[in-house]
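**Q** For 10, 12, 44, the entry in Swiss-Prot reads divalent metal cation binding site, with the evidence type sequence analysis. Residues or ranges marked as 4-CDP-2-C-methyl-D-erythritol 2-phosphate binding site by Swiss-Prot: 10, 11, 12, 36, 37, 58, 59, 60, 63, 64, 65, 66, 67, 144. Residues annotated as site 'Transition state stabilizer' in Swiss-Prot: 36, 135.
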């Protein structure tokens, strides 16, 4: 088998006193995401998609929130570490398609920077990374601006 697909998901609560970081981009907003690391839900979902594609579990298995080494960790560092795990096993990312669901803030103005970061971390062209922003039409906890959710799918291929 030369190709595999993985799916990833993450959600974090919005709270006062935290920076909002998505796709490695700091987004101006009065609240940020709560988490052990920088709580970048987008990168966590992408990391899970990549790990899942090669049956390596999920982000919590490799970078547990019980480990003080990952307190406040930059999720871009974790994503690059996941890519290295794939490479050790003979796999590389081909493309990623991700969706961020947030009532606020508007994410489209930050999409180009997020795509550039993800592409750089995965070692692929920006035209192989797609990031979409959606609202939840004011429904549920996402619509009440209590959290931000991320979903991602990744295609990987065997190298060599």
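Every residue gets a Cβ built from N, Cα and C, even glycine.
Any idea what these are sitting next to in the structure?
**A** Secondary structure at residue 10 (divalent metal cation binding site), taken from DSSP and collapsed to helix, strand or coil, is strand.
Taking Cβ-Cβ distances under 8 Å and a sequence gap of 6 or more within the same chain, the neighbours of residue 65 (4-CDP-2-C-methyl-D-erythritol 2-phosphate binding site) are 35, 36, 37. According to DSSP, residue 65 (4-CDP-2-C-methyl-D-erythritol 2-phosphate binding site) is assigned to coil rather than to any helix or strand.
DSSP classifies residue 36 (site 'Transition state stabilizer') as coil under the three-state reduction. Residue 36 (site 'Transition state stabilizer'): 16 other CB atoms within 10 A of its CB, across all protein chains.
Long-range Cβ proximity for residue 135 (site 'Transition state stabilizer'), meaning a same-chain Cβ under 8 A and a gap of 6 or more residues, is found for 101, 102, 103, 142, 143.
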**Q** Quick one: which residues besides 10, 12, 44 have a Cβ within 8 Å of the divalent metal cation site's Cβ centroid, in sequence order?
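**A** In sequence order, the nearby non-listed residues are 11, 33, 35, 39, 40, 41, 42, 43, 45, 150.
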**Q** How big is the gap, in Å, between the Cα of residue 12 (divalent metal cation binding site) and that of residue 59 (4-CDP-2-C-methyl-D-erythritol 2-phosphate binding site), rounded to a whole number?
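**A** So the Cα of residue 59 (4-CDP-2-C-methyl-D-erythritol 2-phosphate binding site) lies 14 Å away from that of residue 12 (divalent metal cation binding site).
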**Q** Name the one residue among 59, 63, 67 whose Cα is closest in three-dimensional space to that of residue 44 (divalent metal cation binding site); these are the binding-site residues.
**A** 59
**Q** Whole-number answer please: how many Å between the C-alpha atoms of residue 63 (4-CDP-2-C-methyl-D-erythritol 2-phosphate binding site) and residue 10 (divalent metal cation binding site)?
**A** 14
**Q** Work out how many Å separate residue 59 (4-CDP-2-C-methyl-D-erythritol 2-phosphate binding site) and residue 10 (divalent metal cation binding site) at their Cα atoms, rounded off.
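**A** So the alpha carbons of residue 59 (4-CDP-2-C-methyl-D-erythritol 2-phosphate binding site) and residue 10 (divalent metal cation binding site) sit roughly 10 Å from each other.
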**Q** With a 10 Å radius around each C-beta, find which of these binding-site residues (10, 67) has the fewest other C-beta atoms nearby.
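**A** Least crowded of the binding-site residues 10, 67, by Cβ count within 10 Å, is 67.
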